[in-house]
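Take a look at the structure set out below.
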Amino acid sequence: MQCEFFIQKRCTSCHLCAQPYSEQVTNKDQQLRELIAPATDVQWLPPVTSADTAFRNKAKMVVLGAAHAPILGIEDAQGQPLSLVTCPLYPQPMQELLAYLENWIRIAGIPPYNKLKKKGELKFILLTRSENSGQFMLRFVARSHAVLERIERNLPTLIAAFPMIEVISVNIQPVHMARLEGEEEIFLTETQSLLEHFNDVPMVIRPKSFFQTNPKVAEQLYATARTWVREIAPTQMWDLFCGVGGFALHCAAPDTAVTGIEIEPEAIASAQRSAQMMGIDNLSFAALDSAKFSQSQMSAPELVLVNPPRRGLGSELTAQLEALAPKYILYSSCNPQTMVKDIAELSSYQMIRVQWFDMFPHTDHAEVLTLLVRK
């Protein structure tokens, strides 16, 4: 991938982008094999690769500069503002809207927040695009309600220029610290969620719910999990750390009941709405801590799917899964290092199948799907 920001050494987030993409995949595959299954008899399936540009559906932009010259991007290594509105990770429609927003913020006279002076208002622009419809969800993260009047006054111009913006909200984050968002979300549009489709499965995206940032690869991840689950054909399964329900919505079937557990209520609201749209009766969701949920259960279904955050399952949950003894565990991980640690603690289980998905090109990160069976 040719990236002027990387060449200039002003942005190094994609630290592998100077390597040919095929070489990145080969190296990553070798590294993952050495980490996950160096000496085990495991079925290692070919990786699912990504486009190397224009694959990302979400942008998190720091608002820098001044009201008369706002910049959406990051601070470079020298602490200088760097506009990333033309970042090659974003599809052209996202680049166009981000570039427009820089000028729109200037015209609206909205002062960027200055973390050194602790002055100003606008902290972040969070932009999500539906791969399926091309519609956008735009969130302004601001220090206070003072920004609302200027945003609302200039909103008609923005919507007229980009009618594909479906959801607009202002998130109030008043504290002076490196926190992306606050508790209060103020919607400026009647619509409060974005609709995405993966493999004909509707996925409702609300402002605070986690959603995969590489939709093409995520679609294949969910489809693969569904295939593996249908081979097992459990009558019941759990989806722990289910988020907006991507795995649960794909795996539920007339003869497979799924319970999805996620601590974030907004993500559960999205998952429940998606299930209603699909008309699935044997799919339920609850806003609970996954470890506390499993601790309250006397037994486990035949299959438990887990998709934890980067920190992994942790010793408490791995111990509970050991005790509950489901026959199969399907582990999807964005951090193979913590996954390997968790699997080592699941000593009653044997790894039988692995496939990785290049959700994060030009980095060392990968999404790994692993099937474990009880010995």
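Along the chain as shown, the residues are counted starting at 1.
Heads up, the Cβ atoms here are built off N, Cα and C, so glycines get one too.
Together with Gln212, Phe241, Asn307, the S-adenosyl-L-methionine site in Swiss-Prot holds one more listed residue from Glu190, Glu262, Glu264, which is Glu262.
Listed by Swiss-Prot as binding [4Fe-4S] cluster are Cys11, Cys14, Cys87; the candidate from Cys3, Cys242 that the record includes in that site is Cys3. Ranking the recorded positions Cys3, Cys14, Cys87, Cys334 by the distance of their Cα atoms from the Cα of Phe241 (S-adenosyl-L-methionine binding site) places Cys334 first.
Sequence-distant neighbours of Asn307 (S-adenosyl-L-methionine binding site) (same chain, six or more apart, CB under 8 Å from its CB) are Asp239, Leu240, Phe241, Cys242, Gly243, Phe247, Tyr331, Ser332, Ser333, listed in sequence order. On the backbone, the CA of Glu262 (S-adenosyl-L-methionine binding site) and the CA of Cys11 ([4Fe-4S] cluster binding site) stand 34 Å apart.
For the recorded S-adenosyl-L-methionine site, residues Gln212, Phe241, Glu262, Asn307 set the reference point as the centre of their Cβ atoms, and the other residues of that chain within 8 Å of it by Cβ are Phe210, Asp239, Cys242, Gly243, Val244, Gly246, Phe247, Ala267, Pro308, Ser332. Rounded to the nearest whole angstrom, the C-alpha distance between Cys87 ([4Fe-4S] cluster binding site) and Gln212 (S-adenosyl-L-methionine binding site) is 19.
Rounded to a whole value, the Cα-Cα separation of Cys334 (active site, nucleophile) and Gln212 (S-adenosyl-L-methionine binding site) is 11 Å. Within 8 Å of the Cβ centroid of the [4Fe-4S] cluster site, not counting the listed residues Cys3, Cys11, Cys14, Cys87, the chain contributes Met1, Phe5, Phe6, Ser13, Cys17, Leu84, Pro88, Leu89, His362.
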